[in-house]
Amino acid sequence: MAPVITIDGPSGSGKGTIANRLATRLGWRCLDSGALYRLLGYAAEQAGVELTDGQGLAQLAMDMVIDFQQEKVLLNGDDVSLVIRTEQAGNAASKVAALPEVRAALLQWQRACAVDPGLVADGRDMGSVVFPEADVKIFLDASAEERARRRYNQLIEKGLSANLGSLIAEIRERDDRDRNRSVAPLKAPDGALIVDSTALTIDEVLERVMDRVRETLPELK
Ligand code: C5P
């Protein structure tokens, strides 16, 4: 199998940014697994499938035609890049992600992304379930307040509306659901480098991650 680096962590911990930067630096492919759950939550709401209907959602997951382009994500040919980034889509994602049928339906699709020269995969269970044999595992964390503040800035930059107080509450609620679900709960996988990014810049986090990558895969500079 191609080399894999996993970056797991809670919502807003910066894993998407770090995963993208790392993939660009190494010239590897990047998998944003959260986008898959967001796409499914959105597709379910559009199709009128209940967010608790495991079978219906698994079928919908298998029927989705997903196209990750440079800056865009297409679902069945439609550009849904912005709409899947809303808090509503994030919450729908975290509900469908708690169902074992949904996780099983998306497993092979994710594993198939591990192609040469390598894959950087970010999510909640990349190092624990999807790629347990990954070469490097990172767990990125930050305080709930800091994560809500980052999400707030991201949404405002994209021209979407946001309220900091409700973002903190939503992040806590989502954390609770992600950490306490029975299937693939969010936790640092064995052997992961744990980085708390609350007081670190993106470059500082990236350097810590790169130190671990160079230690484990010295052929990469
Ligand atoms: O990372 P992001 O916020 O886009 O993920 C949205 C939701 O999808 C998360 O709150 C989580 O419930 C779910 N998710 C997951 N497993 C992953 C990635 C995301 O359960 N590997």
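Using the three backbone atoms N, Cα and C, a Cβ is placed for every residue, glycine included.
These numbers come from a predicted model, not from an experiment.
Taken straight from TrEMBL:
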BINDING   GLY9, PRO10, SER11, GLY12, SER13, GLY14, LYS15, GLY16, THR17  ATP binding site
DOMAIN    5-214  domain 'Cytidylate kinase'
I'd like the number of other C-beta atoms within 10 A of the C-beta of GLY9 (ATP binding site), please. 27
SER11 (ATP binding site): tally of other CB atoms within 10 A of its CB: 23
Of all the binding-site residues here, SER13, LYS15, THR17, which one's CB has the most other CB atoms within 10 A? LYS15
Less than 6 Å between Cβ and the nearest atom of ligand 1 is the rule; apply it to the binding-site residues GLY9, SER11, SER13, LYS15, THR17. SER11
Through the lens of DSSP with three states only, how would you label SER11 (ATP binding site)? coil
Confidence summary (mean pLDDT) of the domain 'Cytidylate kinase' (5-214): 94
